[in-house]
Each structure stands twice: as structure tokens, then as C-alpha cells.
Amino acid sequence: MPKGGRKGGHKGRARQYTSPEEIDAQLQAEKQKATEEEEQEEGGDGASGDPKKEKKSLDSDESEDDDDDYQQKRKGVEGLIDIENPNRVAQTTKKVTQLDLDGPKELSRREREEIEKQKAKERYMKMHLAGKTEQAKADLARLAIIRKQREEAARKKEEERKAKDDATLSGKRMQSLSLNK
């Protein structure tokens with residue numbers, strides 16, 4: 001019985017089979033380790049540098065095989081379809097000497113949109129002041145109507161004032177004429 005009193009094994013999990021290429025690679029790796037250990041025992045301390053060089057040359061061959069094995073170990077449909085994720089970015093570290101502080105700084109999407117919004121607002125205000133936008137045309141038409149109304153109201157007031165002045169003058173003349181009699 002497993003630890004913790006749990007029953008059963010891994011019934012729901014998918015079975016994993018090793019491919020013949022992986023088995024061959026493992027066997028070759030074990031053989032190489034065994035031969036290296038034998039060479040180190042036979043060569044002693046003085047010959048320890050040479051097997052490492054040979055090991056590096058052998059490891060470079062193995063690393064290519066390991067890369068192929070890694071690509072073959074993809075799960076599910078990944079092995080069938082060769083897709084590269086454009087959203088996944090490999091993180092690369094830069095040294096301080098490699099940083100380019102004088103170059104133009106790339107803006108984030110929000111910063112770019114904010115700058116574009118401000119520029120668009122400035123362009124609109126220039127067009128609006130020049131009277132080229134629909135809203136500016138409507139405002140100017142409304143202002144023209146209001147000016148006409150105010151001019152008419154001022155003209156009427158002036159006429160009424162003149163009429164009142166004329167009436168008062170004529171009334172004063174009448175009084176002065178009546179007093180003279």
C-alpha cells in the first residue's frame with residue numbers, strides 16, 4: 001500500500017512509451033560513460049585532460065542527438081504540426097555595456113495611443129478654429145442667426161426710442177404752443 005494510505009496507482013494517466021531512438025541514445029551514453037571510466041582508470045591522473053577533450057567532441061555529437069530527441073518528445077499534436085509561437089519571446093539578458101541609452105526609447109502601446117490622441121485633439125482644434133469642421137460650421141451658422149436677431153432687436157429699440165423722443169418733443173411743443181396762447 002502506498003504512503004499516506006492512498007489506494008491505486010496512476011490509472012487515469014496516459015502511458016508513456018520510450019521510442020527506440022531514445023533507448024539507443026541511452027545505451028550509447030552508458031557505453032561512452034563506461035569507456036571513459038575505463039580510460040580514466042587506465043590513464044591515471046596525467047591522462048585525465050585528454051578524455052575530457054574527447055568527451056567534449058562526443059558530447060557535441062550527443063547534444064545534436066539530444067536536440068532531435070527533444071523535438072521528437074513533443075506531446076499530443078505538437079509532434080505532427082510544426083508551429084512556432086509568436087507570442088513566446090526568449091528572454092535575453094543584456095550587459096550594461098550593450099545597453100543603448102542614447103537611442104530612441106520604444107513606447108508602450110498605451111503611451112503611443114495617448115500621444116496619438118493628443119495629436120488628434122490638437123489637429124481637431126486647429127480645424128475647428130479655422131471653421132472647417134462640421135461642428136464649427138454649425139456653431140458659425142448659429143452665431144450668424146443670433147447676430148441677425150440681436151441686430152433686429154437693436155434696430156427696433158432704436159426706432160421705439162426715436163418714436164418716443166419724437167412723441168415727447170411733439171408733446172412739449174404742444175404744451176409750449178398751448179402756453180403761448
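Each residue, glycine too, has its Cβ placed from N, Cα and C.
Predicted automatically and left uncurated, TrEMBL annotations should be read as such.
Per TrEMBL, compositional bias 'Basic residues' is recorded for 1-14.
For 50-59 (among others), the entry in TrEMBL reads compositional bias 'Basic and acidic residues'.
The compositional bias 'Acidic residues' annotation in TrEMBL covers 60-69.
Assigned with DSSP, the residues of the compositional bias 'Basic and acidic residues' (102-117) fall into helix, strand and coil as follows: 9 helix, 0 strand, 7 coil. Look at TrEMBL and you will find 102-117 (among others) tagged as compositional bias 'Basic and acidic residues'.
Listed as Cβ neighbours of the compositional bias 'Basic and acidic residues' (151-167) (distance under 8 Å, sequence separation of 6 or more from its ends, same chain) is no residue at all: none. Residues or ranges marked as compositional bias 'Basic and acidic residues' by TrEMBL: 151-167 (among others).
If you look up TrEMBL, you'll see 85-162 marked as domain 'Casein kinase substrate phosphoprotein PP28'.
Summarising the annotation, TrEMBL assigns region 'Disordered' to 1-117 (among others).
With DSSP states grouped into helix (H, G, I), strand (E, B) and coil, the region 'Disordered' (151-181) comes out at 30 helix, 0 strand, 1 coil. If you look up TrEMBL, you'll see 151-181 (among others) marked as region 'Disordered'.
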